[in-house]
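Copied from TrEMBL, the annotated features are:
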TRANSMEM  12-28  transmembrane segment
TRANSMEM  35-53  transmembrane segment
TRANSMEM  65-81  transmembrane segment
TRANSMEM  93-111  transmembrane segment
TRANSMEM  131-147  transmembrane segment
TRANSMEM  159-185  transmembrane segment
DOMAIN    190-276  domain 'Wax synthase'
TRANSMEM  238-261  transmembrane segment
TRANSMEM  273-292  transmembrane segment
TRANSMEM  301-320  transmembrane segment
Amino acid sequence: MDVNVELQNFIRVWFAAIGALCYCYYCVTRIPSGVLRLLFVFPIVYFFLILPLDLSSFHLGAPTIFYLVWLANFKLLLFCFDRGPLSSYSSLPLLHFLSIALLPVKPTYIIRDGFKISSTQSVQGTERVPGLFWGKIILLAAIIRVYNYRELLHSNVILVLYCLHIYLAVEFILAITVIPVRALLGLEIEPQFNDPYLATSLQDFWGRRWNLMVPGILRPAVYFPVRGILTSSLGKELASLPAIFATFLVSGLMHELIYYYLSRVRPTWEVTWFFVFHGICVCIEVTVKNFLHGGWQMNRVVSGVLTLAFVAWTGDWLFFPQIIRNGLDQKAINEYYVMAAAAASDFKSSTGQQLQPATGVRRPAH
């Protein structure tokens with residue numbers, strides 16, 4: 001992979017995406033909501049589906065795929081029917097509209113009749129606790145260093161490292177994405193994670209703690225429509241169960257699509273089954289809770305350990321096999337080494353020192 005070419009492709013992809021959203025801002029917002037607006041938005045949805053195909057880097061491609069193919073497209077489809085985040089902020093200046101459409105940001109207020117109204121209760125995220133956030137960055141760097149000795153580690157230790165790696169890397173990428181938005185536009189933005197390691201159930205983990213932009217966009221796009229359609233025949237309580245299942249199914253299919261973009265290998269559907277299985281488990285959990293009416297609750301420490309253990313075990317069974325089999329884990333790890341070497345080279349060059357070759361470091365094989 002030529003780093004300079006990849007960076008040029010990355011910049012080109014994002015300028016193209018910004019241009020497409022400018023069209024939506026200046027033209028599509030003037031079209032009445034409904035099928036007609038959908039017809040004008042559909043070319044942009046297709047455009048966002050093909051844009052990331054020009055990227056081969058894991059760390060540039062994965063966030064771009066997530067932001068454009070999943071979040072931006074879902075926001076645009078919701079916008080066609082005056083739903084979702086863009087319907088609440090379409091009257092804002094262009095930069096605000098672009099940020100909300102293209103990035104995983106959700107302001108803590110909505111615009112209604114020209115007034116700011118708090119959209120949700122505040123969530124305390126670790127990016128607002130600088131010491132803890134930087135501690136996680138140090139831990140991520142330590143995990144990457146430990147990968148040098150992975151052949152000496154037990155498979156269960158590697159599983160724990162992979163789980164921590166995904167959490168820390170995703171939180172870091174999402175956090176640095178919203179920093180310029182908060183600084184330049186002055187938006188108060190909801191945290192993307194709410195300490196998922198403190199989850200006490202699967203419903204708590206997926207719905208209130210893990211990557212909150214995903215449930216935030218899947219609720220209006222999938223959950224609420226499915227529940228609304230089925231409420232008249234099943235009742236609101238029972239209708240929520242197929243709605244939960246449909247939400248997890250869509251999440252699994254979108255993860256499968258992300259895996260395809262990153263590996264360009266025909267899907268084998270393990271990651272889809274991972275989310276389908278978790279959707280079934282959450283449905284069972286909700287049913288049991290409704291049956292007991294809160295009459296019995298497990299100790300929070302015990303339920304927390306069981307929740308994280310279940311997520312890790314099912315991840316080892318269904319989430320990670322496609323990543324490992326297609327070499328995406330090694331690709332991501334090797335890119336860290338490339339970035340570290342480039343940073344070290346730039347530092348040495350800026351200080352006028354000659355870069356010395358590293359010794360005694362065993363890197364994972366390509």
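A Cβ is built for glycine as well, from the same backbone N, Cα and C atoms used for every other residue.
Note that TrEMBL annotation is computational and uncurated.
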Helix, strand, coil residue numbers for the domain 'Wax synthase' (190-276) per DSSP?
68 helix, 0 strand, 19 coil
When only pairs 6 or more apart in sequence are counted, do the transmembrane segment (159-185) and the transmembrane segment (131-147) reach 3 or more Cβ pairs under 8 Å?
yes
Chain residues in Cβ proximity to the transmembrane segment (131-147) (below 8 Å; excluding those fewer than six residues from its ends, i.e. six or more beyond):
153, 161, 164-165, 168-169, 171-172, 175, 333, 336, 364
